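Q: Residues annotated as active site, nucleophile in TrEMBL: B:Thr188. Taken from TrEMBL, the feature substrate binding site applies to B:Thr151, B:Lys177, B:Thr188, B:Glu274, B:Asn396, B:Ser401.
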Protein chains: 2
Amino acid sequence: MINIIDGGVTAPKGFKASGVACGLKNNQKKDLAVVCSDDLAVASGVFTKNVVKGHSLQLTMEHIKSGYAQALVINSGNANACLGEQGYKDAEEMASLAAQLLNCNSKNVLVGSTGVIGMPLDLSKVRSGIKSAISSLSEEGGHDAAEAIMTTDIVSKEIAVEFEIQGEKVRIGAMAKGSGMIHPNMATMIGVVTTDINISKKLLDKALKDVINHSFNRVSVDGDTSVCDMVVILANGKANNEGIVKEDIEYSTFKSALEYVCTYLSKMIAKDGEGATKLIEVVAEGAKNNEDAYKIVSAIAKSPLVKTAIFGEDANWGRIITAAGYSGADFDPNLVDIYIGELMVCRNGTGLDFDEEKAKEILKEAEVKIKINLKAGTSSDRIWTCDFSYDYVKINGSYRS
Amino acid sequence: MINIIDGGVTAPKGFKASGVACGLKNNQKKDLAVVCSDDLAVASGVFTKNVVKGHSLQLTMEHIKSGYAQALVINSGNANACLGEQGYKDAEEMASLAAQLLNCNSKNVLVGSTGVIGMPLDLSKVRSGIKSAISSLSEEGGHDAAEAIMTTDIVSKEIAVEFEIQGEKVRIGAMAKGSGMIHPNMATMIGVVTTDINISKKLLDKALKDVINHSFNRVSVDGDTSVCDMVVILANGKANNEGIVKEDIEYSTFKSALEYVCTYLSKMIAKDGEGATKLIEVVAEGAKNNEDAYKIVSAIAKSPLVKTAIFGEDANWGRIITAAGYSGADFDPNLVDIYIGELMVCRNGTGLDFDEEKAKEILKEAEVKIKINLKAGTSSDRIWTCDFSYDYVKINGSYRS
């Protein structure tokens, strides 16, 4: 039984957070977040697979190797990427300043940055931001933190759930930001998950990696993967459950709750994709194997032609079968069925004389499901994406200005 | 010495063509083209690698196996794809009707279709179109044919050149259509090349395949590859040169001329990409091997974020290095140099404090060159693409209506 509760990263016991504006964004919006646990927490993370990696992310990859962390500092408005040695030094200074103020080891501070690439961080702003954020840390600060990590996101993204483990109430809280430059396979954005469960490092790591493959790694906004994207989880054990040390039923309960949280945020990210007017779920069934199923959903979700057709509410399924055809998956086009919502539009690779009005109605909804059945095997996959609108072009034609 | 001459597919000796409107397009524009040689010509083709293949294309792949063809019938407005057995039968009827009227073997007639997928061909319109086109075949009909194969193309695309082979004047003429659903590696559109050279089947085939890999297979509009795309060449020997039967200097001259023609049309296609306001040439240098060089230019040319930034005339090179980073190519990001036009904006993976005004001026041009040097080896590649504008979304949001 998983209950949704109020709040985000500060909903679990023993976590505080804050979000402040320190001038990295031009518009006086919040741009620096701090999340911290009262005590050292076990920690795990998943990071971008891009060959190019932001400096803050690189530092976090180093620090998280210990398996422990206590705090996280994230700035928006600047990616701290492609800046040579200075970028890494700046990330180190962010961590050490926060550590000093929080009275912890700087190795236990994780750092994240998101925004424009290749522009040096204004460290005096960052320093004042960290000071001000740490002085305003509170158990109600989760929402401010969620706002402070937004870039082109329109809505802030957070969720918290409560469930029972080993007779104790346990909570997971989380926040995430999108909303462009998003495509698997990598952590596809910045996501921060907190929990007060008592769990071993090894199982926390396993749960996160398993869950991410079906949630954050199944979101595509534009096929681009950023150099700064990561998902980290901190578990501080404050719920006082006995401790999860093996893959038993209690572990499964935790994993289900984590999956619920990550899936919720993944769909929010797709829905809030840059310029998006619709959330699209692409499902592939009957693939020969898992790799093929993934290739199919990924190619369809990435196709600008599919995405503009759905924006235009045009049931142009020819573009769906076309994308499947060049995905690299192995299948017989003469067996393919395609559905838009519940409406079958193509059977055995041949177009049906379907009701265009009904298709239009389905495509007018805020959430659209596309399903393709290859009848080549038993593997399936699904991915969330959004449509491609005028606003995507507008947002991305002038992002730096 | 290659001289550009007037005309397109009917510039070489012994070719006639025509283009008529038979009602497949709603707007009364030309939608059916016929190109034919006075006598049987040696022929070669390159076809889409999409698993899904249009029925007309499938028939052409069958017919061209003989290595000979005399005529080509192409309709626009309907892709004749994903229609089951009927689609293939319709393609056969197109070929046999044309053969009957031209008094040749239907196996020597090639067929092409381009337009909407999954909508049955109105064969009565196609029949009347073929009759009318064949009755109006002429040596001046190349331009009408080039118009009749257009879909969302804004300009018709044709070129002809003349050069000397074995003491005789020889000509190559060509036409092509774009302009969406275009990405290598496949034949990336419909292209028809005619020549009056006398050349062996084997060498014609070799020249076409070699040249296409550096021309038509280096154009990307939106990363999608269609189910109907092909390039075919017919050589009828009417120039009366002795005959090219080995890879000598005369063969090289022919191949250079063919490359000139195909490159010209490829750039025209990229420039006329749906909604395009700019032609973009992406060059990768210093790659470890050819595969990596191709992965880099392909990822950059496909990135909606790069393409929207260039539409917005924003020198957001971070998106260029990001795309390179997720391309799958192996390189050290700390060695990468990036140029926008001649302006270096990133050296050794680190952003430079470049002149933004100068960058803006470069990006305001109708043709923009982006260069990335990986310093990982000696391989290079280049691709042509276009920017991503509001109009791309507009054109593709309502293509079928």
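Yeah, the Cβs are placed from backbone N, Cα and C, and that goes for glycine too.
Predicted automatically and left uncurated, TrEMBL annotations should be read as such.
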Q: Rank the binding-site residues B:Thr151, B:Glu274 by how many other Cβ atoms lie within 10 Å of each Cβ and give me the one with the fewest.
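A: Counting other Cβ atoms within 10 Å of each of the binding-site residues B:Thr151, B:Glu274, the minimum falls on B:Thr151.
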Q: Going by DSSP, give the three-state secondary structure for B:Glu274 (substrate binding site).
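A: SS state of B:Glu274 (substrate binding site) = coil.
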Q: Please list, in sequence order, the residues in the chain of B:Lys177 (substrate binding site) that are at least six apart in sequence and whose C-beta is under 8 Å away from its C-beta.
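A: The list for B:Lys177 (substrate binding site) reads B:Ser76, B:Thr114, B:Ala146, B:Ile149, B:Met150, B:Thr151, B:Asp153, B:Lys157, B:Met189, B:Ile190, B:Gly191, B:Ile269, given in order along the sequence.
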Q: Once the DSSP letters are reduced so that anything not helix or strand counts as coil, what is B:Thr151 (substrate binding site)?
A: coil
Q: Please state whether DSSP places B:Lys177 (substrate binding site) in a helix, a strand or coil.
A: strand
